[in-house]
Amino acid sequence: MIARTKIICTIGPATNTPEMLEKLLDAGMNVARLNFSHGTHESHGRTIAILKELREKRQVPLAIMLDTKGPEIRLGQVESPIKVQPGDRLTLVSKEILGSKESGVTLYPSCVFPYVRERAPVLIDDGYIQAVVVNAQEHMVEIEFQNSGEIKSNKSLSIKDIDVALPFMTEKDIADLKFGVEQELDLIAASFVRCNEDIDSMRKVLESFGRPNMPIIAKIENHLGVQNFQEIARAADGIMIARGDLGIELSIVEVPGLQKFMARASRETGRFCITATQMLESMIRNPLPTRAEVSDVANAIYDGTSAVMLSGETALGAHPVHAVKTMRSIIQETEKTFDYHAFFQLNDKNSALKVSPYLEAIGFSGIQIAEKASAKAIIVYTQTGGSPMFLSKYRPYLPIIAVTPNRNVYYRLAVEWGVYPMLTLESNRTVWRHQACVYGVEKGILSNYDKILVFSRGAGMQDTNNLTLTTVHDVLSPSLDEIVP
């Protein structure tokens, strides 16, 4: 059974070996996320090499995502996890040290220290550990813990009511982007996006490195990102609803409503949407998710999210492969009761991004024709990825087989809802239609006498403008030997 909603897996110590990565791929991974808040270029480079070798060997559109560290406040390295209890105190310092309970822990960036005030609430590791500032000095802050937990290396830290304007991109981010371009990665997830200018500035950096069209995913995780959401969505290629930091920066009870708003608005704007953070969190330790987690994943799918993301579950959890299999099972079961027709009508009515009235008419009419004719799939040839991305926003019941000669587009489409990318060297319409039908049959999407709708481009036309309703049998009747001399 196919799954239209895509799965993103964060790669970490639990999964960064060839054997584990292949198991994740077999379980349903579509995108491998590398979190550049952790690790080095050397360690990420090893993982990237394994992923590239794996996707070539298996001939699959596995995308690789670079997630930037961004302008966040974060703890430094600790010698070993520091266990804390209510009432315990810990010193945070500006100088770089290997942290311990006795010597304290480094806090990055050092520019935040002058802005910290006593009695300010502190949340560590997405709010799992809570503390309060009891002593604030120029290069040192002392905090007192309000609950028990373990302080680990590089964990996120949030200080309430701190008014400091951090730069959107740090020197590390720029170096990481350069590395990502050199490694020919497929997607960039930009952390803590506040406005469309942040996206524009990142595009300029990517352009300076020779990759101006590298897709950028805007992570929405603070109040400015929410406030400026519409302009950010138009500037970015996709949206990630980063619920962890969002639930710290705003009230946690606001997150479900914001999730629904952003999923809907992303779709209407023609942008893919990723729902992230704590989706199957208990599976970091346990072999089964909670009922609430299953409902959380299902509701994200009902909201129309393009992809769901696993973080700690696959990066450092005890059951990474089973977590992916569980996620895929939830997707497949939920999609049985997904109201495709309602989404189709709603998206046409509320579409906020009219790419062109002509293309809108072709796409909308084509999906209607395909559904009324009981077609089993849509096949579309694309060089830029625009046509399948455009069709995906309507959330059609029909799988979209996207045929492309562009390797970057092939991998980039891995994150799009309902899109199944296929790489070809052919521009001959008869040949690529034949290849797409063979691909569909091999993947279990199509059978011999199924009807299909083919989107293609007429001679001299820039946009997709040709719709053909045919059958798999008619396309495959002449063999490739007969088609190609």
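Each Cβ is built from the backbone N, Cα and C atoms, and glycine gets one as well.
In Swiss-Prot, the substrate site is described by Arg33, Gly244, Asp245, and among Thr68, Thr275, Thr277 the residue recorded at this site is Thr277. Listed by Swiss-Prot as binding ATP are Asn35, Phe36, Ser37, His38, Lys155; the candidate from Arg4, Arg58, Arg74, Arg119 that the record includes in that site is Arg74. DSSP gives Gly244 (substrate binding site) a helix state. Other residues of the chain with a Cβ within 8 Å of the Cβ centroid of Arg33, Gly244, Asp245, Thr277, the substrate site, are Asp126, Lys219, Glu221, Met240, Ala242, Arg243, Ala276, Gln278, Met309, Ser311. For the ATP site, the Cβ centre of Asn35, Phe36, Ser37, His38, Arg74, Lys155 serves as reference, and the other residues of the chain with Cβ at most 8 Å from it are Lys69, Asn154, Ser156. Reported as a whole number, the C-alpha separation between Lys155 (ATP binding site) and Ser37 (K(+) binding site) equals 9 Å.
Taking Phe36 (ATP binding site) as the reference point, the binding-site residues whose C-alpha atoms are within 10 Å of its C-alpha, out of Asp67, Thr68, Asp245, are Asp67, Thr68.
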